[in-house]
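Below is one structure, written out as structure tokens, with a few remarks after it.
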Amino acid sequence: MDFYYLPGSAPCRAVQMTAAAVGVELNLKLTDLMKGEHMKPEFLKLNPQHCVPTLVDNGFALWESRAIMCYLVEKYGKPCNNDSLYPTDPQKRAIVNQRLYFDMGTLYQRFGDYYYPQIFEGAPANETNFAKIGEALAFLDTFLEGERFVAGGNGYSLADISLYATLTTFEVAGYDFSAYVNVLRWYKSMPELIPASDTNRSWAEAARPFFDKVKH
């Protein structure tokens, strides 16, 4: 199973941890966006959106990290861990989906809105966008009130994996989220629970140079 990825990318790391959780071995294909490797004809044939992560499973190509994560669990997950990772109960699954969409459309989006213009465009820091990150973290802190996992329940889910990858990027970027006590408690507990969290951390370090000159 081929996995086209960039180490510093939180979505790529989330897929990598999901694969480890369901026991799938990935054939890693490092894709350097700075060198335009994602624009090569052979890659565009797989993924016309030319983005990573991209998974190719026996000729079946799929991109968007959360879609890939769900696919891996539904196809390769074992009954013993499936119901925690991506529950079959409609309401429990809906909560996991909601948290995944929260990560994609709110937390990770707001992180990108603040940091990426500074990194890639040399734009000045936007304090309004910075404040919106704090608001998103406050939402996550509320989700975790009285809960061990972001979607509740007795085991980590795909939502925990995705958000853990995102928060690892926050830490590497130098963003201090220690004021969000529930988030901090949860974040510190994840490395002992999520498989390949050590790889998540080491891969995330690849992004550190991009954040060195960004205002926090």
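Residue numbers in this text run from 1 along the chain shown.
Here the Cβ of each residue, glycine as well, is placed from N, Cα and C on the backbone.
Going through SER9, SER157 against Swiss-Prot, the one listed in the glutathione site together with HIS50, CYS51, VAL52, GLU64, SER65, ARG66 turns out to be SER9. In sequence order, PRO11, ALA14, LEU100, TYR101, ASP103, MET104, LEU158, SER162 are the residues near ARG66 (glutathione binding site), counting only same-chain partners six or more apart with C-beta under 8 A. DSSP assigns HIS50 (glutathione binding site) to coil, not to a helix or a strand.
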